[in-house]
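In what follows, a structure is listed as structure tokens, so that the remarks can point back to it.
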Amino acid sequence: MDPRELAERLTERDLRILIHLAESGEATPEELAESLDVDLGPVMRSLYWLEERGLIESEEETHEVYELGDEGKEYAEEGLPELRIVEVLRKIGGEGRLEEVLDRAGVPRKLAGPVLGWLRRKGLAEIKREDGETSLVLLEEEPEDVDQSVLEALAAEGSASVEELARKLEMDEEEVEKALKRLSERGDVLRAREETVKKVRLTERGEEVAEHAPEVLERDWITELKPEHLREGTWKEKEFKPYDVKAPTSPTFPGKRHPLKEVINEIRRIFLEMGFVEVSGPLVESSFWNFDALFQPQDHAAREMQDTFYLKEPAEAELPDEEVVEKVRAVHEDGGDTGSRGWGYEWDEGVARKTVLRTHTTAVSVRKLYEVEGPPLKAFSIGRVYRRETVDYKHLPEFHQCEGIVLAKDVSFRDLLGILEEFYRRMGFEEVRFRPAYFPYTVLSVEPEVYFEEKGDWVELGGAGIFRPEVLQPLGFDPDVVCLAWGLGVERLAMLKLGIDDIRDLYMSDLKTLLELPTARARR
């Protein structure tokens, strides 16, 4: 596209920016916004678009910016202590007793030494000692103090660089730097920080387009079709400005659910579509349902205080009917009627009564199995679970799990693998594989893994298996009844779907991050 045609496609703001840069050579976005009398946001969008088209180039420069500290604000308003002393001396005839002058100038005794030093250093006054008396003698009645000028300039501007101060005060930069150095030696007078400034300038291509900018701005053409143009027919006599459909616009942030909530809703939708019913259970659970009913021994490491949250109040929970409790006791001690040898220890009902914050949603599944009369049953649950984890990029003490079960007489291990493969396929993962695993309450047991293309690796996403007879038979199910079961970490799945490497980012309240995160379905 030739320079003239490109100029015709630019907005009025773009053209004015090019003209300004052609005249000034370079400018900051803030300077352009002030010159064009528009907000900084639209200027930044224009600069981004112009740079994308190769019409301008940008460069970032880092320099020190100064602002006043608490003492500096006081001195800017009331004057530096040495200048206040000069004013007092001038009013009393050029000489006075030291204590009297300090008092009238409002200079604390603790600052007397440093202030006298500045008086001598700047040649404003000298100390005279005579007959045991110490006096101050004025040497300069109307000093032009650069330090005070810098303080007042910073008070007016808020903050400024050496270059900006020199320009405002019409001084050499070297003179301003010396003043800043002196002021920096005086406690909390100045505060310095680094600031990065972006400057833009025209490229060779931009200079060619800028030559046509004034002419294009002066053209009398229609930039926006209005009702009066149609009503009066004036559109027939005028030229329409070319419309660039690729021109940048303000970003739109419509309302949306929290990204983690999106993932949870997608999981729920998929299981409902697959014919499952959703069930739920209490967050505060008895150790019986959380551990014992799942054939997890009472001395298992997962039940220790460093892994599980035990409650002080209520400290104990009620157990189900005695028949179920006794059957669970039997499978733990000697296997009961299951053919298993159990764990070979004396089961303690008191330990089973202890209350915990549930450590997994499998407790919801086993409660549901206790409540139903028999197969068939296809159920899932999604809920919060709690573990004593050290918080890091992949662990939280509170997180979500999804649990599912299929209770039937005519299902097998292959059905379990098929259900999981279909679920992950609907979640957007085409490649799924299973690795052998061990869990106390399932046999056979596997860990599903999905291939994550962006990382080029396989990622484990949960655990699955067939509930052992030691879990099902105490609940009243016949030996020919099979229960497929699985559980997965929702946050880990969400991290993959959303492209997040740190699990803590899912719970950040930073609005910018939440606005920019894609929805879960956007990455399918």
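Every residue, even glycine, has its Cβ placed from backbone N, Cα and C.
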Among THR359, THR361, THR362, indicate the single residue that Swiss-Prot lists for the L-phenylalanine site containing TYR441, PHE467.
THR362
For TYR441 (L-phenylalanine binding site), what residues in its own chain, 6 or more apart in sequence, show a Cβ-Cβ distance under 8 Å?
LEU294, PHE295, GLN296, THR362, GLY465, PHE467, ARG468, GLU470, VAL471, ALA485
Which chain neighbours of the L-phenylalanine site, leaving out THR362, TYR441, PHE467, have a Cβ atom within 8 Å of the mean position of the site's Cβ atoms?
LEU294, PHE295, SER365, VAL366, PHE439, THR442, GLY465, ARG468, VAL471, CYS483, ALA485
Near the Cβ of PHE467 (L-phenylalanine binding site), how many other Cβ atoms are there if near means within 10 Å?
27
Helix, strand or coil at THR362 (L-phenylalanine binding site), per DSSP?
helix
State, in Å as a whole number, the widest CA to CA span among the L-phenylalanine-binding residues THR362, TYR441, PHE467 given in the record.
11
